[in-house]
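As given in TrEMBL:
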type: TRANSMEM; residues: 49-74; note: transmembrane segment
type: TRANSMEM; residues: 80-104; note: transmembrane segment
type: TRANSMEM; residues: 116-138; note: transmembrane segment
type: TRANSMEM; residues: 158-178; note: transmembrane segment
type: TRANSMEM; residues: 185-205; note: transmembrane segment
type: TRANSMEM; residues: 217-237; note: transmembrane segment
type: TRANSMEM; residues: 257-280; note: transmembrane segment
type: TRANSMEM; residues: 313-338; note: transmembrane segment
type: TRANSMEM; residues: 350-372; note: transmembrane segment
type: TRANSMEM; residues: 378-400; note: transmembrane segment
type: TRANSMEM; residues: 421-445; note: transmembrane segment
type: TRANSMEM; residues: 457-476; note: transmembrane segment
Amino acid sequence: MLKLSQYGVEINGQVRRVYVHVQALIQNDLRIVPTPPEDRVDTRLYQMFFVWFTVNANILQFSAGSVGPVVYGLGMRESLLTILVTDILSSAIPAYLAVFGPKLGTRAMVLSRFSWGYYGAAIPSILNVISMEGYLILNCILGGQTLASVSDHLSPTLGIVIIALVSFAITFCGYKVVHLYEMVCWIPNIITFIVMLAVGGKNLINTPLSTGDAASASSILSFGAVVAASVISWSTVTPDYGVYHDSKVSTARLFTYTYLGFLSGNLIGHLMGAAFAAGAPSVPSWSEGLSNGSSIGGLIGATLSPCGNFGKFLTVLLALTVPSPSSVTMYTTCTSFMTISRLFAKIPRILLAMASTAVLIPVAIVGANSFYATAVDVLNMIGYWMAPYSAIILAEHWFYRKITFGAYNVKNWDNPRRLPLGAAAIFVFLASFGIIVPCMSQVWYTGPIAKAGTGDIGMVTSFIFAMLVYPALRTLEGVITTRWRGVDS
């Protein structure tokens, strides 16, 4: 039955208001309140594969893979083996955290409150806003450079602006449009990578497997840290994109779909980047396109140049798929900002997206002049805090909540007195930097342990430290809060 009402069109007794989408953009609590079980019924689990396959099988992960040959001087063999091992291990972390979206209906930063406490969760929320903005900057630099590589009349600056605005437009459309976009956005990427292999394969075959010098453990581990950071950085994003999926599906199935998306997408992006960067010194046109390690887009454009206009067309398509990770990241930037405090939750999401875009464009334009220095710094700094953060969330679930999703009283998500104090999480997180600093290796600082030849092992050691120490302190915190409040949170 269809009839008109004063609010819109009434269909079968239900009012469909024409301004629902606009309301959703303005009423931001809809974006951070946990999704109730009755709304978590989407059975299209294949979306969880395609979203994470798409955001990783692109030029951002291509650039991360290229760091091995370009920055650390590794040969093709060392780079590819490092990538293979690192991707197999690190993809499990964001994939497992993705399970929390369907099971609890919570975004990542809301989930943090069940270990960090209401006020303590502001720490990872703030760090996540900063980190996601850094990720957006890298995406826009890559997209801008790739667009600029097809024409002398298009500058990287204009390309950055175009990519940023397209990312903003997709984010504006919301959760469902992002999912739909990610379902198809991988197609031009894979086609372009296949053509690159077909055109440049003969040069890759002739590329030496090693640089001739024995690769140091320090270089391999430091490169592994960059690769791992590019994967683990999604840990604070994956729960956000499953909050409407079927909550009754087994954890194993949810994990498998997401893990396979991460692993296959990352392997394609990382391995392609390492292979073509390793081959660039042997091919003058590739080396010129790479511009002394400052333009991934130039390398891609040079690789596809034998295809003429078709190659330029593919390069443009590849650049225009950069919003696939950017839109996902910008969406999470907005929701993370809302979880910092109730005051920020009142700001319309569209305004937050506009502010994010306004910040990233000028910073990306400046950072484009030294892409690799910017990329390594951003990825490593994200990895340094996300490693102990992920360990705390996982340890909370595995050891304190006994791998039981029913142990989370989600209805208390916004009640400070019904949430943990967060003292254990905050202490372990801060203490982990006592491990990270001596183990880190950056251009601007190298810790004594890293200097001794270990390379950058800050992420690995901090993850292990947090995983070992947090359960005991969290148990103690639970006893104290139970006696104090009379209830276990």
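Indices start at 1 and increase along the chain as displayed.
Cβ coordinates come from backbone N, Cα and C, glycine included.
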- Message: Which sequence-distant residues neighbour the transmembrane segment (80-104)? Criterion: at least 6 residues beyond either end, Cβ under 8 Å.
- Response: 34, 40, 48, 52, 65, 68, 74, 111, 220, 223-224, 227-228, 231-232, 234-235, 237-243, 245-247, 249, 251, 254-255, 258-259, 261-263, 266-267, 270-271, 274-275, 390, 393-394, 397, 405, 408, 410
- Query: When only pairs 6 or more apart in sequence are counted, do the transmembrane segment (257-280) and the transmembrane segment (217-237) reach 3 or more Cβ pairs under 8 Å?
  - Reply: yes
- Which of 350-372, 378-400, 457-476 contacts the transmembrane segment (116-138) most, counting Cβ pairs under 8 Å: 378-400
- Item | Remote residues contacting the transmembrane segment (313-338) - C-beta distance under 8 A, at least 6 residues beyond either end | 28, 31-32, 51, 54-56, 58-60, 107-109, 125, 128-129, 132-133, 135-136, 139-140, 142-144, 146-147, 149-150, 159, 163-164, 166-168, 170-171, 174-175, 178, 181-182, 185-186, 188-189, 191-192, 195, 236-237, 240-241, 297, 300-301, 304, 307, 344-345, 347, 349, 352-353, 356-357
- Contact call for the transmembrane segment (457-476) against the transmembrane segment (158-178), three or more Cβ pairs under 8 Å: no
- Message: As a test: from 49-74, 158-178, 185-205, 217-237, 421-445, pick the stretch that has the greatest number of Cβ pairs under 8 Å with the transmembrane segment (378-400).
- Response: 217-237
- Query: How about the transmembrane segment (49-74) and the transmembrane segment (421-445): do they have 3 or more C-beta pairs under 8 A, pairs 6 or more apart in sequence?
  - Reply: no
- Compare 185-205, 217-237, 350-372, 421-445 by their Cβ pairs under 8 Å to the transmembrane segment (158-178) and return the stretch that comes out on top. 350-372
- Beyond the flanks of the transmembrane segment (350-372) by 6 or more, those residues with Cβ under 8 Å of it: 25-26, 63, 67, 70-71, 133, 136-138, 140-142, 144-145, 156-157, 160-161, 164-165, 167-168, 171-172, 293-296, 330-331, 333-334, 337-338
